[in-house]
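Trainee: Take a look at this one; I'll ask things after.
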Amino acid sequence: MQWLWGGGIPPWQPSQEVITGLRWAQKSLWEAGPAQPGSRGTSRSKCPLPLQVGMPRTLSTSDMVPPGSLGPPHPEPTDGEQAGQPLLDGAPSSASLDTLIEQLVPKADYYPEKAYIFTFLLSSRLFIEPQELLARVCHLCIEQQQLDKPVLDKAQVRKFGPKLLQLLAEWTETFPRDFQEESTISHLKDVVGRIAPCDEAYRKRMHQLLQALHQKLAALGQGPESLLGTDKPISYRNKPPASIHRELLSICSDPYTLAQQLTHIELEQLQHIGPEEFVQAFVNKDPLASTKPCFSDKTNNLEAYVKWFNRLCYLVATEICMPSKKKQRAQVIEFFTDVARECFNIGNFNSLMAIISGMNMSPVSRLKKTWAKVKTAKFFILEHQMDPTGNFCNYRTALRGAAHRSLTAHSSREKIVIPFFSLLIKDIYFLNEGCANRLPNGHVNFEKFLELAKQVGEFITWKQVECPFEQDPSITHYLHTAPIFSEDGLYLASYESESPENQTEKERWKSLRSSILGKT
């Protein structure tokens, strides 16, 4: 039997394995409703120790905000009507899919708003595959501009051509994965080939567009380091030497430097997440479509990013539980508290929450003697900032402040905004679940997708910020590849460091020693 490392971290949803430890943040994500103000709870019934002793807080269910809603539905249009006033220039709040597709097609004297293009291309994949959408757009272009005629109206085409190329450029730049199939590229070449005789510059522009597309797809195909299988379980027959816990501090003993390297990893991971993954993560079958979904699973990068969050939680807990002496464990806790504080100052809320969640895992929070030696004032301030009470109202306030700083930034460091990703996913999930994709008359609920595009678009702006910090390969490699304990490994290390206090813990300790160490 072996001392177990790694494994046990679900690749998609926020880690639920040690629910009593991660309940502080993770469980409340799905119990709280959409973003809205909430009142503060005061219950401490499930705290492992009174707060004044210096222990991390573990919330009870009475602290959680009950499920919310997105409010009453908007009045629904009757058949043949379009609801309300246009939300964008010429874009209705609801319309048939055919009408919305026509709205996307440029003409000699018309080009859709940029916001409409992004919104429709993002949401349309719920109803029609991108390849089919492109085919229909190209067909409408050919039909409306009479591009299938032997003789073209060159004056008309020269007005239309630049608008068509602009639409294709925006589409390929924002949603490059829509063009991975060769059949999709064929549609591009065909429609541009029809207008090229009117101006050879169109063919040259198309060549440049395809070159940029291929480069973007090649870069996206490399994937972040966390997709390279670095989380495979690693086993040791005996408890690893105590020096392992000092390895991170020996590589990087400066909290600000480690926070910078965490931010570097976060931004690198975010670069690979396409906006379409937010829609595809919650895809449901369109009731007016066939029995099959519009597409297969295409959320690998989003899943990899959530997996990175879970890994960082477990890495923090592992680094704390490994030292044999409580003084050393306390030093590690204080070090990670300082790292979390620097992450907050940078605007890296995802790493901040991962660190706090790792420190709130049960194998860590039960270490009473260790926490008694920790100066917890800074930790509790950070914990308060990321408190899930009130549907994370403190965090949302801090996020708005970081977003405002980014808009008025005078340096690249001030532009950084890395949101707590699982909460962003939760907000999008409730938006998706709270409003129907289609209205009873079959119209697409475009108003819903404008709100979806607003949330996703803001995230896309944040993820495009270039990291201002120079990468330290030795630190980032350690963060990606350092062995981490499984849940059972964490509990065993915790019990070995500080003995069980009640019968339940004693029985679990005995079971873990038997199954992992082969001892009785």
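A Cβ is built for glycine as well, from the same backbone N, Cα and C atoms used for every other residue.
Model, not experiment: these values are computed from the prediction.
So TrEMBL has the following annotated:
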type	residues	note
DOMAIN	88-218	domain 'N-terminal Ras-GEF'
DOMAIN	254-500	domain 'Ras-GEF'
REGION	32-92	region 'Disordered'
REGION	497-520	region 'Disordered'
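Tell me about the setting of these features in this model.
Mentor: Taken together, the residues of the domain 'N-terminal Ras-GEF' (88-218) have an average pLDDT of 93.
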Trainee: With DSSP as the reference, give the number of residues of the domain 'N-terminal Ras-GEF' (88-218) in helix, strand and coil.
Mentor: 96 helix, 5 strand, 30 coil
Trainee: Tally of helix, strand and coil residues over the region 'Disordered' (497-520) according to DSSP?
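Mentor: Residue counts for the region 'Disordered' (497-520) by secondary structure: 16 helix, 0 strand, 8 coil.
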